[in-house]
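In TrEMBL this protein carries:
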REPEAT    42-74  repeat 'WD'
REGION    81-112  region 'Disordered'
COMPBIAS  88-112  compositional bias 'Basic and acidic residues'
Amino acid sequence: MTSSGEQCYSGGIDHTIQWWNIPSSNVDPYDTYDPSVLAGTWLGHTDAVWGLAYSGIKNRLLSCSADGTVKLWNPQEKNPCISTYNTEKGEDTGHRSRLRTQDIEVGLEHRT
């Protein structure tokens, strides 16, 4: 869930990360499905996405997958995957920057 509470992210066995626009609490749950709720899909993992963590301060999303990679995403970028760490090989294959601990904020209030 983003800091504003307007969007959330999900990962699945289909290898994708999807982000969703949270509808207003005033929406009737029996209304027809609004396709704009699904804001987009990111591709990058080659196996199930196991977990996601969001940092509101850095506006970054971290994903881990059964493919043995951890990816750092910037939701504001056209090409949002900014770094990939291959846990099996112990190497960072950063696209534009290295995966650094200061890029990721861990705190209970920022976990999803």
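Keep in mind that glycine also has a Cβ here, set from the backbone N, Cα and C atoms.
Given the structure is predicted, the values throughout are model-derived calculations rather than measurements.
Under DSSP, the residues of the repeat 'WD' (42-74) split into helix, strand and coil as follows: 0 helix, 19 strand, 14 coil. The average pLDDT computed for the repeat 'WD' (42-74) is 93.
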